[in-house]
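Chemist: Dropping a structure here in structure tokens format, bear with me for questions.
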Amino acid sequence: MLGKISLLLLPVFVAINLVHSSPEIIKNLSQNFCKAMDQCKQELNIPDSVIADLYNFWKDDYVMTDRLAGCAINCMATKLDVVDPDGNLHHGNAKEFAMKHGADASMAQQLVDIIHGCEKSAPPNDDKCMKTIDVAMCFKKEIHKLNWVPDMDVVLGEVLAEV
């Protein structure tokens, strides 16, 4: 009887563990994604105000509108080879990036699906940087719905410790 109960509860414990670990995984993904920032900052001559935009990205009520922030995100995504030359998500590379930084196959696919859905739902825009902002804000909204948002105090503390 105890064995049957344990088997029934196993998926619950696994699901609880996934929920608790998801913000940590998103934190790892964010930190590793931003490792390309130094190169992009120099290449695009990005001001500190845009860096502040990117640090505030995960805050629930924060809306990123600066075109250069979209350019910076697109630059980092390009450097990490997770987008194609047109700026669209490269599904295989993005999934591989997520798995390399802590996501299991299921979570990695879910992240790819979220971004792909955001690409499809974003209004048409010939400006790649502004299109990237629309996709990023949609992605953030979906991550908030899943309660996967990383603790920004921890993220900022770790980023500042590396500087």
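Glycine too: its Cβ is placed from the backbone N, Cα and C atoms.
It should be emphasised that the depicted structure is a prediction, and the values quoted were computed from it without experimental measurement.
Feature annotation from Swiss-Prot assigns disulfide bond to Cys40-Cys75, Cys71-Cys129, Cys118-Cys138. Annotated signal peptide per Swiss-Prot: 1-21, in sequence order.
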Chemist: Inside 10 Å of the Cβ of Cys138 (disulfide bond), count up the other Cβ atoms and send me the figure.
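Modeler: 18, counting other Cβ atoms within 10 Å of Cys138 (disulfide bond).
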Chemist: Restricting the comparison to the disulfide-bonded residues Cys40, Cys71, Cys75, Cys129, which residue's C-alpha is spatially nearest the C-alpha of Cys118 (disulfide bond)?
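Modeler: Given the candidates Cys40, Cys71, Cys75, Cys129, the nearest one is Cys129.
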Chemist: Which of the three DSSP-derived classes (helix, strand, coil) applies to Cys71 (disulfide bond)?
Modeler: helix
Chemist: Under 8 Å Cβ-Cβ from Cys40 (disulfide bond), six or more apart in the same chain: what's there?
Modeler: Ile46, Ala72, Cys75, Met76, Lys79
Chemist: Whole-number answer please: how many Å between the C-alpha atoms of Cys71 (disulfide bond) and Cys138 (disulfide bond)?
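Modeler: Rounded to the nearest whole number, the Cα-Cα distance is 16 Å.
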